[in-house]
Amino acid sequence: MNNVRLFLKKLKIHPLFWLVIMLAIMTGHFRQILYLFLAVFIHEVGHYVGAAYFRWNIKKMELFPFGGVLEVEEHGTRPAKEEVIVALLGPLQHIWLLAVTFWCIQMGWWGEDGQWFLTINVTLLLFNLLPIWPLDGGKLVFTAMTMCLPYKKAQSLFLACSALLASSLLCYFLIQNPLHANLWIIASFLAISHYIEWKRRPFVFMRFLMSRTIAHERVVTKPLHVSAEMTLSEVLDRFRKGVAHLIVIQGVYEQTLIEEERVLHAFFSHNQVKCAIGPLFR
């Protein structure tokens, strides 16, 4: 009972969704908007259950006319496996919803409304799997990029590619239908989301570094070769997600091996950001 009360406390409906609901009631489309609300709600419940299972700190779950957003504190700080599972649990809800709906239609238990619910679920599934921030597909691609590239580089590269793809798709569809209100709402939402995330990059990167000071399931150790002249900040910029780095400092005559914990300690405890790493660990 306490879990249900906590869930309802974190559930928010965006004012835009309330506006769409009121317009639907006024125009006699109440059932259609009810099905949309149900599909969006179940999608976000999937994310919520996954995040709660991994004990993430959930701030709120907000529903929009075209989907929802689960706002958590753990952005970029949890193991990649958890991030992938939580991201997938939303779209996966549409799979069983589609199967049940299709079965009901085939059995003759659901007619026109069933076709509408089928369309809603297909649309939400495909839309949310687009590799665009902050959609589920975007989060999956971003997590994959942080495993292959340095985290800081992955941030900038992914957001730039995401913004380019979103702009291209929205321009194409808006040219086809410039008066489509939902497209303008989605365009505004994606533009604001990209702007906010771009401005938050230093903060998110700092949280990523802080999370590495806590024990995580990083079973793979990867050597990170750096020159002695590189600053501490430049070394940290090369850290990747999902691996524990062994810093190999290339000197003129010898190599020095440093565990990443010592580098992080120097960064957070002594604020030696601009110090060359060679003299620092001589």
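Note that Cβ sites are derived from N, Cα and C of the backbone, with glycine treated the same way.
Within the model, the domain 'Peptidase M50' (33-105) shows a mean pLDDT value of 91, rounded to a whole number. Residues annotated as domain 'Peptidase M50' in TrEMBL: 33-105 (among others).
Under the heading domain 'Peptidase M50', TrEMBL lists 115-161 (among others).
According to TrEMBL, the transmembrane segment annotation covers 12-30 (among others).
The transmembrane segment annotation in TrEMBL covers 36-54 (among others).
What TrEMBL records for 84-110 (among others) is transmembrane segment. When Cβ-Cβ distances below 8 Å are used as the criterion, the transmembrane segment (84-110) is approached by residues 39, 42-47, 49-51, 54, 56, 70, 117-118, 121-122, 124-125, 128-129, 136, 139-140, 143 of the same chain, each at least six residues removed from its ends.
The transmembrane segment annotation in TrEMBL covers 116-135 (among others). Using a Cβ-Cβ cut-off under 8 Å and counting only residues 6 or more beyond its ends in the same chain, the transmembrane segment (116-135) has close neighbours at 32, 35-36, 38-40, 43, 66-67, 69, 90-91, 94-95, 97-98, 101-102, 105, 110, 141-142, 158-159, 161-162, 165-166, 169, 190, 193-194, 197.
Marked as transmembrane segment by TrEMBL: 156-175 (among others).
The feature transmembrane segment is assigned by TrEMBL to 181-198 (among others). Sequence-remote contacts of a segment are chain residues at least 6 beyond its ends whose Cβ falls under 8 Å from one of its Cβ atoms, and for the transmembrane segment (181-198) they are 16, 64-66, 132-134, 159, 162-163, 166, 170, 173-174, 204.
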